[in-house]
Amino acid sequence: MAKSMKLAGLKSVENAHDESVWAATWVPATDTRPALLLTGSLDETVKLWRPDELELVRTNTGHCLGVVSVAAHPSGVIAASASLDSLVRVFDVDTNATIATLEAPPSEVWQMQFDPKGTTLAVAGGGSASIKLWDTATWRLISTLSIPRPEGPKPSDKSSSKKFVLSVAWSPDGRRLACGSMDGTISVFDVARAKFLHHLEGHYMPVRSLVFSPEPDSRKLYSASDDGHVHIYDAEGKALIGAMSGHASWVLSVDVSPDGEAIATGSSDKTVRLWDFKMRAAIQTMSNHTDQVWAVAFRPGGGRLASVSDDKSISLYHCS
């Protein structure tokens, strides 16, 4: 039997931000520098950190409210940050020059992710009950993928608030987008045809994080929900393949290792857990944080996992 992955704490930075750290992602390495960790905080700043010492490279300002999401382009050259002011700032990672500022109505910008080829930025559209797609060459809005309204005599405003879109994930081939909503539904879209395909059922509370497994398992979608469960779906076949539980509270974030063998989660129970998909079980629990863990992120290329928390700290782990 193959050995399961193990985590070992490498470095933690207390007070990495002045307030809760809400978002984290890795900026891929370029020819001139290693991969960097990008974090966003309620303190309205975005910070770049160099592993393994988590040495601060730069602090970006420019948002008027807390930063809810950060995303990195697959080239590693540009990245984006989004805040509660519904403003997306696209910037050059190495110079911090602003490349574009994307504006949206209030509460219509949540999680975002660049597609694998880097041509499109997908933004979870919050109260618009849609995913917005921005062209990364022109920075124009090119498409709005809307979740179909429930059939019925008169859909109330209440039903649309339940479709509030929190999370978004691209499939590895860029052909599918999934989004997670406040009511627990996950919607899957055919990107090329800008067409809604189907819902994935099973969660009944907000789905705050989604991630597709890498090739060759790329139909597999992992979801994290406030109901305390992690679900594994066949995103094409609409099937719930498995469910894993173990966190004592909301699961706020999920990420999959680059080899697809393990997944990590962060929870409001203050822990980071490592799971083995084949065993459908948590194989390790890390308790570095003293408050809820908003984001976990594996480094592209493997070897590292990062977590960020309401306790204002960042933790970096070695994965072996």
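Note that Cβ sites are derived from N, Cα and C of the backbone, with glycine treated the same way.
What TrEMBL lists as repeat 'WD' is 14-59 (among others).
Annotated repeat 'WD' per TrEMBL: 60-101 (among others), in sequence order. Beyond the repeat 'WD' (60-101), the same-chain residues lying 6 or more positions past its ends with a Cβ under 8 Å from any Cβ of the stretch are 19-20, 22-30, 32-33, 35-36, 38-48, 107-114, 116-118, 121, 123-124, 134, 136, 139.
Marked as repeat 'WD' by TrEMBL: 158-199 (among others). Away from its own ends, the repeat 'WD' (158-199) comes close to residues 110-117, 120, 122-131, 133, 143, 145-150, 152, 205-215, 218-219, 221, 223, 225, 227, 233, 235-236, 238 of its chain (Cβ-Cβ under 8 Å, at least six residues beyond either end).
In terms of DSSP helix, strand and coil, the repeat 'WD' (200-243) has 0 helix, 24 strand, 20 coil. Per TrEMBL, the feature repeat 'WD' maps to 200-243 (among others).
Residues or ranges marked as repeat 'WD' by TrEMBL: 244-285 (among others). Per-residue pLDDT, averaged over the repeat 'WD' (244-285), rounds to 94.
Marked as repeat 'WD' by TrEMBL: 286-320 (among others).
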